[in-house]
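Q: Just lifted these from TrEMBL, have a look:
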DOMAIN    A:1-397  domain 'Aminoacyl-transfer RNA synthetases class-II family profile'
BINDING   A:D102, A:L103, A:T104, A:R132, A:Q146, A:D150, A:R294, A:Y298, A:Y299  L-histidine binding site
There are 2 protein chains.
Amino acid sequence: MATKPSIPKGTRDFSPVEMAKRNYIFNTIREVYHLYGFQQIETPSMEMLSTLMGKYGEEGDKLLFKIQNSGDYFSGLTDEELLSRNAIKLASKFCEKGLRYDLTVPFARYVVMHRDEITFPFKRYQIQPVWRADRPQKGRYREFYQCDADVVGSDSLLNEVELMQIIDTVFTRFGIRVCIKINNRKILSGIAEIIGEADKIVDITVAIDKLDKIGLDNVNAELKEKGISNEAIGKLQPIILLSGNNEEKLSTLKEVLVNSETGLKGVEESEFILSTLRNLGLKNEMELDLTLARGLNYYTGAIFEVKALDVQIGSITGGGRYDNLTGVFGMSGVSGVGISFGADRIFDVLNQLDLYPKEAVNSTQLLFINFGEKEAAFSLEILLQVRAAGIRAEIFPDAGKMKKQMGYANSKAIPFVALVGENEMHEGKVTLKNMETGEQKLVSPKELISELS
Amino acid sequence: MATKPSIPKGTRDFSPVEMAKRNYIFNTIREVYHLYGFQQIETPSMEMLSTLMGKYGEEGDKLLFKIQNSGDYFSGLTDEELLSRNAIKLASKFCEKGLRYDLTVPFARYVVMHRDEITFPFKRYQIQPVWRADRPQKGRYREFYQCDADVVGSDSLLNEVELMQIIDTVFTRFGIRVCIKINNRKILSGIAEIIGEADKIVDITVAIDKLDKIGLDNVNAELKEKGISNEAIGKLQPIILLSGNNEEKLSTLKEVLVNSETGLKGVEESEFILSTLRNLGLKNEMELDLTLARGLNYYTGAIFEVKALDVQIGSITGGGRYDNLTGVFGMSGVSGVGISFGADRIFDVLNQLDLYPKEAVNSTQLLFINFGEKEAAFSLEILLQVRAAGIRAEIFPDAGKMKKQMGYANSKAIPFVALVGENEMHEGKVTLKNMETGEQKLVSPKELISELS
């Protein structure tokens with residue numbers, strides 16, 4: 001009967017200390033989202049497979065966790081079908097539901113289903129777990145949280161501006177120094193357009209990205225190898241060598257892209273975003289980075305990515321503008337722009353840089369040592385006042401050995417301990433011990449509260 | 001391609017207003033848990049089916065949502081097995097994981113797996129969704145949240161006392177008047193013992209519960225019908241007619257149960273809990289109620305249940321003491337006591353009584369109307385100061401029609417609107433409009449902030 005339990009691979013238990021840290025992350029992000037007028041929604045963990053399938057590519061479909069139908073999931077299946085053992089095809093017979101793979105598709109589904117209740121522009125955020133049947137590896141889990149904010153139903157670039165402010169504020173609050181990288185899909189399209197190699201845009205950005213490492217000659221060689229013409233490579237030179245501050249880069253791009261309407265639009269958008277932000281006192285640097293090409297097929301305007309400056313780690317936040325969120329569900333014309341904070345990576349960065357504020361991780365502030373029934377009864381009445389003052393406090397439930405009780409305080413990192421014996425009861429006071437300094441003093445309940453508030 | 005989307009039956013989307021209300025509930029419970037030194041943990045949504053199966057009875061096993069194995073889930077199955085179409089038996093071949101059914105079994109699994117890191121007594125809380133493939137009906141969902149707190153590794157009745165304080169504090173904060181009912185499994189065992197009908201204890205409590213409705217004669221008739229002897233029914237009379245306040249009830253029980261050691265222990269425990277609480281200023285009434293028999297097979301000591309006084313609804317919180325949480329996973333000797341708040345029912349009660357505090361549901365406090373690019377740029381700089389002061393504020397992203405922008409403020413119930421035109425910009429001020437009274441005044445950014453803080 002007694003089995004040694006385990007948890008599914010790629011999933012995690014979170015201990016009290018880990019949870020306190022995670023809550024600090026979620027609460028910080030949530031608070032900033034609120035400051036900017038975003039409202040939370042939640043969608044079910046399960047969606048119909050018809051909602052999820054075909055939205056993440058063939059590979060994504062395979063990574064969906066599918067939930068077996070209740071009852072007789074064999075009904076309606078012929079023996080022949082069963083014996084075909086076609087795992088992929090039969091999955092859709094055995095299962096009609098799956099766990100959500102991201103927050104974007106459920107959000108699109110939400111917008112379509114609730115279009116009549118929603119006032120646009122709709123500024124929503126969502127902090128919920130998602131599931132992917134990916135091969136687990138360091139830093140990659142099968143269950144993890146996403147923290148998305150999107151504005152849908154507005155084309156205004158002010159949304160991009162405010163999302164950059166949100167990113168800046170969140171990382172400033174965390175104390176993580178970052179570089180906020182920005183690009184624009186329209187600039188990339190413009191580049192592809194003027195060199196006549198529209199389908200090579202990914203190859204081009206990958207090659208440009210290597211300039212620092214391999215040098216201009218090798219970048220050009222790689223472009224040639226990818227089948228890009230000499231003429232096109234020639235036109236690309238000012239873009240590969242693009243340098244200077246954001247204004248200088250944009251001014252070069254304006255010249256290079258002079259014959260691409262789309263490209264110039266991308267430059268203009270980036271100019272608006274960057275120049276508007278210049279007056280808004282960002283604490284972190286914004287950098288126009290043409291090598292940024294995330295989710296190229298999905299984004300249609302601005303693209304963002306955040307890199308931590310003091311830790312070697314992939315991007316810790318990303319996002320961009322997309323044109324047609326809900327088209328796949330039959331509702332067209334809903335464009336939007338969004339960002340997503342990578343909570344697990346931010347967790348790692350905060351850990352590595354040891355940036356968690358003490359008060360975020362601390363739980364109980366005061367422990368009453370239990371010396372017996374009478375003393376405990378006396379302590380409970382003081383606890384009542386202490387807690388009414390908002391102080392997180394507890395009493396050790398059993399009148400056990402002092403050493404055990406003190407060990408409990410230490411293992412929970414409780415900074416203060418209250419000792420109540422005969423003397424204290426007689427005087428109506430408690431002995432307050434500072435666990436860090438070892439200092440002890442006799443205080444009234446009132447003094448106790450002001451000491452800890 | 002375009003399909004009309006839906007969500008799985010028994011699941012729900014939560015709108016911004018619903019989420020704000022739910023967060024108010026979760027945050028209130030969480031805050032009180034913290035005040036009493038409970039720490040949060042989280043466990044994965046999926047558990048191994050070997051962890052879940054056999055813990056909830058045969059019926060429960062059927063209600064588990066099972067997750068189909070990734071890859072070729074047919075491997076290792078013979079044609080014969082497949083053609084047997086034995087849905088229940090083959091489920092365990094197709095699936096090795098399932099969604100958690102409650103928070104208790106995952107918690108037990110957590111305690112066993114992390115026994116070496118945990119300092120006991122372990123006061124943990126957990127607020128997470130659970131899933132049951134139950135037939136959906138009004139108020140019953142296939143995905144819903146549980147909000148559990150348990151203390152494990154301590155036999156002290158102080159834990160029961162503090163859990164009652166937690167319940168009292170939470171409902172006082174909600175403004176919901178409740179009756180906290182308490183019973184004790186040992187008293188029920190004692191009763192069964194003295195009348196020699198140990199296996200009839202459920203029938204007995206069900207019959208006693210009907211006293212008010214059907215009268216003593218009918219209760220006795222029902223007991224007889226259930227096969228309880230005349231002699232036993234005679235002995236039961238003082239218990240069926242048990243009345244008075246809690247002290248009076250306990251004193252009667254002490255006489256009736258004089259020959260049952262177990263029964264007297266239950267009386268003594270209840271006496272300790274109730275008398276200790278008497279000095280701790282509970283705002284709600286505690287009632288000893290012998291008809292309370294929830295989860296009889298599971299609980300071994302105190303049993304709790306909370307009824308709302310002003311709304312007709314089932315119990316909105318429950319819990320009790322259990323002896324052997326982790327035995328099924330091979331770790332014995334871990335007793336504990338816990339409570340669980342029913343968030344969905346509390347949501348309904350707060351709605352019916354209209355008890356949500358305004359500030360809990362309000363989101364954005366201030367909307368800047370967008371009159372054009374220049375005005376927006378000016379507004380963004382004021383927004384910077386406003387948000388730095390902690391005020392939740394936004395600017396309508398598009399310089400659209402006034403009516404549309406005002407409609408947006410109304411639909412989000414934003415109480416203040418800031419108007420910034422040529423004049424205001426010239427003076428470095430904004431016109432602040434109170435959306436409730438219609439009152440308008442010209443204020444400096446500083447005055448704006450103090451007005452809204």
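Heads up, the Cβ atoms here are built off N, Cα and C, so glycines get one too.
I'd like these features described in context: how deep, what's nearby, how far apart.
A: There are 17 other Cβ atoms within 10 Å of the Cβ belonging to A:D102 (L-histidine binding site).
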Q: By the DSSP assignment reduced to helix, strand and coil, which category contains A:Q146 (L-histidine binding site)?
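A: The residue in question, A:Q146 (L-histidine binding site), is strand (DSSP, three-state).
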Q: Tell me which of the binding-site residues A:T104, A:Q146 sits in the most Cβ-dense spot, judged by other Cβ atoms within 10 Å.
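A: Top count of Cβ atoms within 10 Å goes to A:T104.
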Q: How many other Cβ atoms are found within 10 Å of the Cβ atom of A:Y299 (L-histidine binding site), counting all protein chains shown?
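A: Around the Cβ of A:Y299 (L-histidine binding site), 24 other Cβ atoms lie within 10 Å.
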Q: For A:T104 (L-histidine binding site), what is the secondary structure by DSSP, using just helix, strand and coil?
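A: DSSP call for A:T104 (L-histidine binding site): helix.
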